[in-house]
Amino acid sequence: MSKKERISVRQVTVLMFMCLIGDMLLIYPTMITHIAHQDAWISSILSIPLGLIIIYVLIRVHELYPGLTLIEAIRKIFGPVFGTIVSCWYLFYFLMNTALIAREVGDFLNNQLFVQTPLRVLLAMGISLMVLTALMGIEAFGRVSEMLLPAYILIFSGLILGLLPQIQLSNVRPVLENGLAPVAKGMVPGTAMPFAGMSIMLMVFPYVNKKAHFKKDMLLASLIGGIVISLFLLLSLLVIGPFVTNYSPYISSALTTKINELNYITRVESLVTLTWALAAYFKGVLFFYAFTFGTTQLFRISNVRPFVIPAGALVFGMTILITPNVFYYVRTLVYPMATWHYTNGLIIPLVLWGVYLCKQKWKHRQNAFKN
């Protein structure tokens, strides 16, 4: 990514949407249902307005210095010493999320499609694809996302229509059986995992040819993304029930099996599997972009290309070490990861915003005193 590269508002809107749903279609239903059971859909819906508040905060932080990435803005606001420490914290966050998403996709493909292929081979292939995409640049990536979006929408819509005959309203009853506490607990990761993780977009926003409707489009993309993952969660509950949703690490395979039972469309598993993997791939590439480009910015390296391949090797190593399997991640690491997302997607941006406002007030007072 270079300063000369530019993408349109429409392209960054598509990236925002794809990044928000990303790996959520792989893990979101199981993650929230494990906490809120048959009321998980309520947690998901209530998480949307809270998530939009987080997105609004991130956009406001970007508007402080529209021409700077998150790493550059942190150093400018916090200063060279503390800013470098916080920047390293974010780079580690970008690295770990890249590895997590790559591992999710690798495990997903290994369990659903390429069962005879060693996991490390799938991980190496996926990370190599990330490396190639990073070398192509953000402009090419934006165009690809724009071209693939219609196909993605078509497949997702077909999945919903194919499952409508299998819906059973009894699967989500009784409503609020255990009170509001499980719903509130489900909202913690329900807001953090899809929305607070969007701090990654602060590394992309400076390269957008902005128009007056930029902020509106970003919020709209986030709203639609939240509706999509909530709809997918609700569909999972209505079709296969909270028990199977809770204990199925990859809910899409169970859903496509239900379509096959109707016999009018068969063997759709491969298509749905690749579609979900593609959505997660978009998110993984953006985190990889942020890690590589942010590192070169922090250490004042003029050319990012020589660093991309070593960064890919580092991500590959982290995918092996980060978690034994995705089910362990969904069950054990959800709340620690939610806390991390809230810290990087809400708390630190709010602190950045507050420090910036304090500095501006101090400058105004100094100027008034001099005059």
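Every residue gets a Cβ built from N, Cα and C, even glycine.
What TrEMBL records for this protein:
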{"type": "TRANSMEM", "residues": "12-28", "note": "transmembrane segment"}
{"type": "TRANSMEM", "residues": "40-59", "note": "transmembrane segment"}
{"type": "TRANSMEM", "residues": "80-101", "note": "transmembrane segment"}
{"type": "TRANSMEM", "residues": "121-141", "note": "transmembrane segment"}
{"type": "TRANSMEM", "residues": "148-167", "note": "transmembrane segment"}
{"type": "TRANSMEM", "residues": "187-208", "note": "transmembrane segment"}
{"type": "TRANSMEM", "residues": "220-244", "note": "transmembrane segment"}
{"type": "TRANSMEM", "residues": "274-295", "note": "transmembrane segment"}
{"type": "TRANSMEM", "residues": "307-328", "note": "transmembrane segment"}
{"type": "TRANSMEM", "residues": "340-358", "note": "transmembrane segment"}
Q. Would the transmembrane segment (121-141) count as touching the transmembrane segment (40-59), i.e. at least 3 C-beta pairs under 8 angstroms with sequence separation of 6+?
A. no
Q: Go through 12-28, 121-141, 187-208, 220-244, 274-295 and flag the stretch with the largest number of C-beta pairs under 8 Å relative to the transmembrane segment (80-101).
A: 274-295
Q.
Before we move on, state whether the transmembrane segment (274-295) and the transmembrane segment (307-328) share at least 3 Cβ pairs under 8 Å, counting only pairs 6 or more apart in sequence.
A. yes
Q | the transmembrane segment (220-244) in contact with the transmembrane segment (121-141), cutoff 8 A, at least 3 CB pairs, sep 6+ | A | no
(Q) How about long-range neighbours of the transmembrane segment (12-28): same chain, 6 or more residues beyond its ends, C-beta under 8 Å? (A) 44, 100-101, 104-105, 108, 141-142, 145-146, 149, 152, 193-195, 198, 200-201, 204-205, 208, 217-218, 220-222, 224-226, 228-229, 232-233, 249-250, 252, 276, 279-280, 282-284, 286, 326, 329-330
Q. Near the transmembrane segment (187-208), which same-chain residues lie under 8 Å Cβ to Cβ, leaving out any that are not at least 6 residues past its ends?
A. 1, 5-9, 12, 15-16, 19-22, 24, 27-28, 31-32, 35, 43-44, 46-47, 50-52, 54-55, 58-59, 61-62, 66-71, 73, 90, 94, 97, 138, 214, 218, 222, 225-226, 229, 283, 286-287, 289-290, 293-294, 334-335, 337-339, 341-342, 344-346, 349
